[in-house]
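A.B. asks: Features from TrEMBL:
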type	residues	note
BINDING	Tyr228, 241-245, 281-288, 378-380	FAD binding site
SITE	Trp312	site 'Electron transfer via tryptophanyl radical'
SITE	Trp365	site 'Electron transfer via tryptophanyl radical'
SITE	Trp388	site 'Electron transfer via tryptophanyl radical'
REGION	475-506	region 'Disordered'
COMPBIAS	475-488	compositional bias 'Gly residues'
Amino acid sequence: MLRNDLRLHDNEALLWAFKNGSRVLPIYCFDPRHYKGTYHFGFPKTGPHRLKFLLESIQDLRQILKSRGSGLIVRTGKPEEVITDLIQKIGKESIDSLVYSEEVTEEELDVESFLKSSCGVKVKTFWENTLYHRDDLPFHYKQLPDIYTQFRKVVESNVPVRSVLATPRELKPLPSGIEEGNIPTSEDLGVSGVHADSRSAFPYKGGESTGLERIDYYLWQTDKVAHYKETRNCMIGSDYSTKFSPWLAHGCLSPRFIYSEIKRYEKERTANQSTYWVLFELLWRDYFRYVALKYGNMIFYPGGIQGKHIPWKKDKNAFNAWKEGRTGVPYVDANMRELAATGFMSNRGRQNVASFLTKDLKLDWRLGAEWFESMLIDHDVCSNYGNWLYSAGIGNDPREDRKFNMVKQGLDYDPNGDFIRLWIPELNKVKGADIHTVWALSSAVLLRAEVSLAETYPKPLLIAPEWSRHMGKIGSGGGRGRGGGGGSKLKQQKGMDFYFKNSQPR
């Protein structure tokens, strides 16, 4: 049973089945529960951008398996029901084992529990999709440190990364008499299709094949990995960061394979802070998965894993303005419009819009987490919710009062406003860094820029006091070079380049 492990390379469950079975039936189920509403607020659980990537990934995996003599069975239905029915049809006596990769959150675990108790055959499971294997950790997951740095230091110095498994050239065939089934369309699943946006920072198709091509391009063809740490906070284009996260989130790429390629690159070309930083981010991704394993459903609670009682607001108008890019704060709005149009947002953007939602608007962080779950191509439940808890000050951040300054962040990471102009065309004629505080411009400047606040572009929902410290430094065409954080207590949130990571290196 395949879920978030849509690859052949380094897929221990799938490769074990091909090694030990005379016939192997790889199967993927489009679970109808994944195309309904999110738990609290009813947003589409799988939005159009992520579904497009998923469908492409399934098509690619089917082709890969077929090219080596096997195939991929596709069904629409609850996997616990589909697989149980299929076992009955084939006959339990003909089946040695049901094999799958383990997950860590409740919805997926419920499926596993049902199958173990009701499928009628032996079940064999594998721990996959982390860089460091659960069984190799020097502590039980329930003793996982609550601070990432403590976890990183222990793991990096004491735990080896397991070797990548060899991929066979030929695979065992499918059982006879089983129809492979058609891969559904977005419309079949009740989700509207999407069109490519030429501005997208992620113009790639889903699938193991394109994921492997991206690794080859980013490391071996261009050496861009050698500059990752310096470029990862940029905002425009496809090459400022690895963009590995969507493939990692769907299991199209193995984190161990990325690790092995980075290590080979370091040996054959160069090793520096940038190559290390890709591995550093992969470890953050591991950490959030182990946090979910340790705390279970607490990662979904209003008070997070700290159990805090915070009077979160649920202002519908403010939330809609945030998700639609109409807050009147250009740096926030540009990022949210990018998300809506493409299903992707930079690491830097995710940190800022999350901080704005939770620390400025003081809205329920779960609104943001569920909206990201719906919209992001690279949604990974553990990384998504782990990062939102982090931003809301109720997760694994030892400095719970961290808050991003939207104006300073905009000036630091989009100093001339090019990113804002890309996504907010109604502000195109505002010059230079003035675009970051358009509400503070004189009526004469606004008139020349053809901007009418509250008409062509919204007035800001709020103006935070700390923004004023930076507004006086803005001049037409000015801006500043990229610097550190965005506030006195600010330091970059880690791990959000791999899924907000809301879940991997982006």
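In case you wondered, yes, glycine gets a Cβ from its N, Cα and C as well.
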A.B. asks: Measuring Cα to Cα, how many angstrom lie between Trp388 (site 'Electron transfer via tryptophanyl radical') and Lys243 (FAD binding site)?
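C.D. replies: That separation, Cα to Cα, works out to 20 Å.
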A.B. asks: Are there any residues at least 6 positions away along the chain from Trp312 (site 'Electron transfer via tryptophanyl radical') with a Cβ closer than 8 Å to its Cβ? List them or say none.
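C.D. replies: Result: Pro302, Lys362, Leu363, Asp364, Trp365.
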A.B. asks: Taking Lys243, His379 as the binding-site residues to compare, which has the smallest set of other Cβ atoms within 10 Å?
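C.D. replies: Each of the binding-site residues Lys243, His379 was scored by Cβ atoms within 10 Å; lowest is Lys243.
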A.B. asks: How many neighbouring Cβ atoms, not counting its own, are there within 10 Å of the Cβ of Trp365 (site 'Electron transfer via tryptophanyl radical')?
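C.D. replies: Excluding its own Cβ, Trp365 (site 'Electron transfer via tryptophanyl radical') sees 25 Cβ atoms within 10 Å.
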A.B. asks: Across all chains shown, how many C-beta atoms besides its own are within 10 angstroms of the C-beta of Tyr287 (FAD binding site)?
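C.D. replies: Other Cβ atoms within 10 Å of Tyr287 (FAD binding site): 26.
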A.B. asks: Which of these recorded positions has the least crowded Cβ, counting other Cβ atoms within 10 Å: Tyr228, Trp284, Trp388?
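C.D. replies: Lowest Cβ count within 10 Å among the recorded positions (Tyr228, Trp284, Trp388) is Tyr228.
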